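This report concerns only the one structure given below.
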Amino acid sequence: MATGAGTEVSALNPLRAVWFTLAAAFLLTLLLQLVPPGLLPGCAFFQDLIRYGKTKEGAPRRPAACRAFDVPKRYFSHFYIISVLWNGFLLWSLTHSLFMGAPFPNWLHGLLRILGTAQFRGGELALSAFLVLVFLWLHSLRRLFECFYVSVFSNAMIHVVQYCFGLVYYILVGLTVLSQVPMDGRNVYVIGKHLLMQARWFHILGMMMFIWSSAHQYKCHVILSNLRKNKAGVVIHCNHRIPFGDWFEYVSSPNYLAELMIYISMAVTFGFYNLTWWLVVTYVFFSQALSAFLSHKFYKSKFISYPKHRKAFLPFLF
């Protein structure tokens, strides 16, 4: 395994600070949701910011001012359009640099330096960042496909702040991956002809975990969409029903659990030691746990016969 943990600049650079702040913010938000009702004063605007889709139905009565900032949940597809285009460009730039020896564009290199690109002294693997960027692009492409051809969106809404955050998120996460490429001045540390020589066991393990997690997430999304279709595959309603099958037998939101596992697979691909990416994983954990907890509360409040053994996010634990 690469031993880059001690060779990176240890300062909390801007990228790490952003992901640490986001992780802390969602942890605090999750803890506030675990506090018994009545102990803390309610805030409709705050609840409106952390809920989306069906979970808004379980929130306090929404003032008209909040509803004025709603956008359709189906706009989720915009996130993945941006991600496919932007992270596709970053992947093209990295591929061009690795295999053609070309430096990144001046503006991109400058942006990475502002964000706090780690300066490595050798031993790190460019192949790790290349694979993770491929995974991120493929993940976004699959989710875009699901938005258009699998998911059945109701008239549920998201807040415009959540919408803007989603657009920025996929730009930032791609830059985070690219910032982990070993750099020497403006050029990538190793050229493509030596790239396959960097292959390690954790690259294979990370790839297997990514495929496994992605397959389960896709299957869960198909199960959810089929709840709104008849046997012929025609959408007949947009109501919520209790899903069964696959990971739904263990947790209420296996699609969120699969999302976490996808990001963990990327951490494995980085060789386990990458602190910056573990901060990303920490943010994903708390943000997905929050969404899963709110969804779990919605299901339990709506369906009297909801399976009591199911947990919200982590099987048998939470």
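The backbone N, Cα and C atoms fix where each Cβ goes, and this holds for glycine too.
Values in this document were obtained by computation on a predicted structure and should not be read as measured data.
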TrEMBL annotation of transmembrane segment - which of the ranges 79-100, 233-254 it falls on: 79-100
Other parts of the chain folded back onto the transmembrane segment (160-181), taken as Cβ under 8 Å at six or more residues beyond its ends: 15, 18-19, 49, 52, 69-71, 75-76, 78-80, 82-83, 86-87, 90, 93-94, 111-112, 115-118, 126, 128-130, 132-133, 136, 140, 188-189, 266, 270, 274, 276-277, 280
Residues of the parent chain within Cβ reach of the transmembrane segment (201-218), under 8 Å, 6 or more residues beyond its termini: 1, 127-128, 131, 135, 138-139, 142, 146, 150, 246-247, 254-255, 258-259, 261-262, 264-272
